[in-house]
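Summarising the annotation, TrEMBL assigns region 'Disordered' to B:1-21. TrEMBL lists B:56-79, B:91-115, B:136-162, B:182-202, B:209-228, B:266-284 with the feature transmembrane segment.
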Amino acid sequence: MIEAVGLTKRYGDKTAVYNLSFQVRPGSVTGFLGPNGSGKSTTMRMILGLDNPTAGHVTIGGYPYRKLPNAPRQVGALLDAKAVHGGRAARNHLLSLAQLSGIPARRVDEVLGVVGLQDVARRRSKGFSLGMGQRLGIAAALLGDPQVLLFDEPVNGLDPEGILWVRNLMKSLAAEGRTVFVSSHLMSEMALTADHLIVIGRGQLLADMSVKDFIAANSAGFARVRTPDTEPQLREKLAGALTEAGGHVLPEQDGALRVTGLPLPRISDIAHGTDVRLWELSPHQASLEEAYMRMTQGAVDYRSTTDQKEGLQQQLPPGAQPPMPVPGQGQPGWYAPPPPQQGGQPFAAPQGYGGAPETPNPYAQAAPQAPQPAPGHAPAQPAPPAAQSPVQPPVAPAAPPAPPTTAPTEPKDVR
Amino acid sequence: MSTPQPPMPQTAAPNWQAAPGPAHPTYTSPIPVVRTNLGHALASEWTKIRSVRSTMWTLGVFVLLVVGIGLAAAALVAANTDEGNVSDETALGFGFFGLLLGSICIITLGVLTTASEYGTGMIRTTMTACPSRGRVLTAKAIVFFAVAFVVTLASAVLVALADVAMVDAREPSGGEWLKGTVGVSVYIALLGLLSLVVGSIIRHSAGAITIMIGVLLAPLVIAMFMFSESLRGLQQALIEYSIPNQLSVFYTQSLTESGPTGWDPLWIMLGVTAAVFAGALALLEKRDV
């Protein structure tokens, strides 16, 4: 159990972490998300007692880290894969740590086997690839068989097999009743690994909730309903009935309807009741990535009005940092336009570069322009030939904002 | 809900907590937990210092310099001294030149012992594994001092024995033997320890090595350019208390008549090192890693 209360860290006049309070509970994988420079690593270092907080405190199992009795047996951490002396062989590196913590030397060979480095144990870690370095760091974290584990970007540089291994490792560690706190930029990975999320932006807490709640709260799913193309009047009829029943209906470009606020069975019932045949009735769950983009996007707007001077990166909003670090990410319009056959979830972000500042809530208008033919409907029929605004096209595929009251219930029902 | 939200109270999140697996309250490791002490840190630092190549290189070069120059100097003197020209000095003094040059190696190793951990980031791993920062620095100091002392003593004794056998000079007394071997070895090891502590304060290998070589050589170099009569006193003090002159005191061949004598250099170096060590400990506890 990690508990932070009012954690604040300033470097000179730069505030890296401000008034951060959260709890990381045992028995689950807690994801720690935030754009680059949002204070994740600083927070991790404060948890481990490496940096002293300017204000507030953070405890593990009720103790500050530096007061923990035999800390390495209670907490294991992977902070930085390259935090090793490159001239030392992998085994000696782990052996020195084991000796420091009073761990038997045979445990070293054990963890080397766990991470799959036994063949290079005698080689100097200077020659290790990034992935091998990560494995060595994970081995160091596992060395004390601790109850609390912290991983900062553990899957960086790992091959797909390694990513899968880390994912299962995290889950199994949590299932054993341990506290697992892991930061990552890979949203798809987090969606698969984490049960709970703590999201920070610019050093402040943005969200502390389960992954499911997070997606629901920040990016609602919706139901796509398609009536027979041959009978357009059925579409109007159904839209009217759905609106009457309390649903929120948005027409899509290819003639389908995007419905929020109504569970799938209810939509089906209404269609049956109004005697409208359906060609498609499908749930669309928003992704964690989309929800994260939306959330951190909001953080920029929120922060820039309240804390302009203390900003970390005025010129580059945190939401603009894509989860896949690629050269040139700072340039507007770097994102490829969404291919029509994709759901287009990741493309909520470019609004941050292009049009977001002058369109605070573009979703409601953008949604009708969504070029989203359902799989199987190859020729998209642009029923309402809405002109693609140059400002908003990438926004279009984003889900419409659900009213906060319906948001938590709606995706569950849809599914 | 894209606005910040306070952390959920524990009762408000039962669904995710119940989800993964059996609800163990905590995890208990089967590996026995022992209470760690300085002994563990010493074992760890010993593993560290013996498992990097820089240790072998610096100590190798050190032994080469001390033994090589010590023997060469004595051999030259032995070859060029006429029969019957018995000096007042003992043959132990020929070890001085090698040790003076070799001390640069000890300085380098001392600095690297601490500063390289900062350079590589290893210090974060170390301090995570042992949050008692003072214990880590103390263990480093003890291990390094022991290594430096043993290596210096072995080289110095070897050179002294060879020199005394080779050069036809006054037979050194027991006290001279002690000062010329053990005394000078403690002094060199303390100089290395000072470097280690400076490395912990500066946290940068090149910077700390530069500072320590400056400490070693600068007083003599500065004194050389003090031509003015008014600075004569300062010049004298700089020369007398420069590290090379302090080192030579162990061989009773000081460059000047006044200044430190006998075992004085050892106490001076011990005091300086202790003071800097205390400062480094305080900084280590206070600063972020």
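Every residue number used here counts from 1 along the chain in the order it is shown.
Every residue gets a Cβ built from N, Cα and C, even glycine.
Any TrEMBL annotation is an automated prediction that lacks curation.
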Beyond the flanks of the transmembrane segment (B:136-162) by at least 6 residues, Cβ under 8 Å: 38, 41-42, 44-46, 49, 55, 59, 62-63, 66-67, 70-71, 74, 91-92, 94-95, 98-99, 102, 106, 109-110, 113-114, 126-127, 130, 177, 180-182, 184-186, 188-190, 192-193, 196-197, 200, 277, 280-281, 284
Intrachain residues whose Cβ lies under 8 Å of the transmembrane segment (B:266-284), provided they are six or more past its termini: 133-134, 137, 141, 183, 186-187, 190-191, 193-194, 197-198, 200-201, 241, 246, 260
Top Cβ-contact partner of the transmembrane segment (B:209-228) among B:56-79, B:91-115, B:182-202 (pairs under 8 Å): B:91-115
Beyond the flanks of the transmembrane segment (B:182-202) by at least 6 residues, Cβ under 8 Å: 95, 99, 102-103, 106-115, 137, 140-141, 144-145, 148-149, 152-153, 156, 208-209, 211-212, 215-216, 243, 246-247, 250-251, 263, 265-266, 269-270, 272-273, 276-277, 279-280, 283-284
